[in-house]
Amino acid sequence: MIKEKKTIMRKIILFLLIAGLILNLVGCTQEAVVAGENEDLLETNWESILEEAEGTEVNFYGWGGSQMTNDWLDNFLALRLKEEYNITLNRVPMDIDQVLNKLLGENQMNVTGTADVIWINGENFSTARTNDLLYGPFTHKLPNFNQYIDVESVEVKYDFGFPVEGYEAPYGKAQFVLVYDEARVEQVPKGHEELMELVKNNAGKFTYPAPPDFTGSAFIRNIIYDIVGYEQFITMKADKEVIAKAIQPAMDYLNELKPYLWRNGETYPSTIAQLHNMYADHEVFMTMNYNSNEAAARIQTGEFPRTTNTFVFENGTIGNTHFLAIPDNAPNKAGALAVIDFILSVEAQASKYNPDNWGDLPVLDNARLSDSERAIFDEIQIGKGALPQHILLDHRVPEMPANFVPIIEEIWMENIL
Amino acid sequence: MKKTIKPYIMLLPAMTILLGIFVAGLSMAFLQSLGYFPTIGLQEFTLNYYKEVLTDHGFLTSLRFSLWIAFVSSSVSVVLGVLLAYSIVKSKHKKGLEEIVYKLPVIVPHVVATLLVYNILGQSGIIARMAYALGFISQQSEFPALLFDKNGFGIILAYVWKGTPFIAMVVYTVLSNMNNRLSEVALNLGATNKQVFWHVLIPLTMPSIFSSFIIIFAFSFGAYEVPFLIGPTAPRALPVQAYAEYMNADLRHRPYTMTINMVLTFISFLCIWIYHKTFKLLNKYNG
């Protein structure tokens, strides 16, 4: 008798589970609206796009690993969008790899997605483009893009070597800087030759993290640029022999430098965190960073000595740009366009640049700003140990194509270790 | 019939997860090490990756380095661990505190142990600072470079700090549960303490010493974090080498990673087999 009851129970549970699954599927099919109404959005004028965007919700998908970044989106951007366009911004923290997987899945089922704006760059952009996951080209529609962005700049045209073609709009910039202690470095090196001299005169006081550490790898690319220039790499084939030949002078340089490095170059710090630690402990007198404002923050927390400062080479240091894109299946493309346009405004870029809010470098072209607009940026206190953006922007060279990076790391390992 | 199958069916849910993940991962790795990785267009089975990896100079130095670290750190741990266990057993007074204190490093994660070693023995570590304050050295680089060195001294030290209490714990349990009569008979017949230790206690605890040696050997051979954090850039320990290959953005490097992983797996299986054998030996002793 009891046994019978049990089997009945089981059948009921099974039935419920199946029913749940079926209902779920029905739910899915109901959501599958063809995104046809937005098709001619790019044909209409900006006013009607704003009209359509008014009062809607926009879902912003992107990396959420930094409290400062999240705070800027929640406290500044969301508030201002509400005031300006009555747009409600929902920030959804999700790594870009996951976002792409989500888009790929949705794309296969041909359904409308949930993401309106995505924060993207580099390899992920090329993956998204080659799989037709993005909406566009849309940047020519944005008034602020047309007014403030230098469309001819390599950094706007290419994202880690992949042509942008209007499918993503610049969001912010990062730049490689060298960090030094004024109390122990008398003369800042202007380039690789002076760096060599400085290191030779102060044996054991300088080193860089071994690749595949991200920052150490960027340092090596920067030395390559400083010695053989960056122009040739934009059109170079991703072939190991070709690259090896082109960067040979830089490898010779690093080999010459090696005996004067920390621990005679027999070993290197394995992470940038270790190098920062060694710098804070006075074991070395320089460190480096791909975030030009981080040293200033570390002075604030007392981690780095107060005499810390940053510098760039005269021929420039590597910078990269992060971008915003709109998925092809975004439910609210008009809203997405309005949001991205607002992010490109002087007000938003200046607020983002303020180290108290985020400290992310602006993407606007200085030459296109009016005097009063430029003054807004100049007035921002960037803190001790950080370089003002006009110095950074004047000494900035674009990243290499993403697929060069592992090849160069390999060549370094074979030549230097 | 039903009875014989039943335990297997009961085990099925757990085993699907355990074996499913383990075997699936391992077979994928094996296939990829043979050059079969259709996602990126590698379709042909080949032994070339094995040939290349096994004759590669960098790989061989890494293998030697990993074996050296594992062997030295495990051997030192065994010697120190046995002595520690023996002295705790021998000490006359109340053992409450000692029994807890010596076990502490066992529960400390390896990453934390590495941090301790770094803070104490680094060139800007506590000892170096004391030496500086006392005037033995005038700058950091004069302090002997114990970490990031080519002989893996720092790594070995971290493993010894973790391994010694583990060995002591195993041996102490065996020693304190051992029948005292054998030692007493030997002492009665005129053996010295030393002779009792070498000829009675050591042979009796040998199987457990050996099996715990195998455990820490296999661990320090295959673990990644300690050599990554305080190891030299070259030679790299094998697990660090495998990780670096895995992180390579060029997916065509994946077969090399998997080949290294298969070598690591093979040596670990060898350890399991030896461990199994010693357990049989242990049973023989007890039986």
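From the backbone N, Cα and C atoms, a Cβ is placed for every residue, glycine too.
Caution: TrEMBL annotation is automatic and unverified by curators.
Among the features that TrEMBL reports, transmembrane segment is placed at B:7-31 (among others).
Under the heading domain 'ABC transmembrane type-1', TrEMBL lists B:63-275.
Residues annotated as transmembrane segment in TrEMBL: B:65-88 (among others).
What TrEMBL lists as transmembrane segment is B:100-121 (among others).
Here the transmembrane segment (B:153-175) has Cβ contacts under 8 Å with residues 69-70, 72-74, 76-78, 80-82, 84-86, 88-89, 102-106, 108, 110, 113-114, 116-118, 121, 146-147, 201, 204-205, 208-209, 212-213, 215-216, 220, 226-227, 230-231, 237 of the same chain, all six or more residues outside its ends. If you look up TrEMBL, you'll see B:153-175 (among others) marked as transmembrane segment.
Residues or ranges marked as transmembrane segment in TrEMBL: B:196-219 (among others). Residues 70-71, 73-75, 77-78, 81-82, 86, 159, 162-163, 166-167, 170-171, 174-175, 178, 182-183, 186-187, 267-268, 271-272, 274-275, 278-279, 281-282, 285 of the same chain lie 6+ residues outside the transmembrane segment (B:196-219) yet bring a C-beta within less than 8 angstroms of a C-beta in it.
The feature transmembrane segment is assigned by TrEMBL to B:256-275 (among others). Only residues 6 or more beyond the boundaries of the transmembrane segment (B:256-275), in the same chain, are considered here, and those with a CB under 8 A from a CB of the stretch are 26, 29-30, 32-33, 49-50, 52-54, 59, 63, 211, 214-215, 217-218, 221-222, 238-239, 241-242, 245-246, 248.
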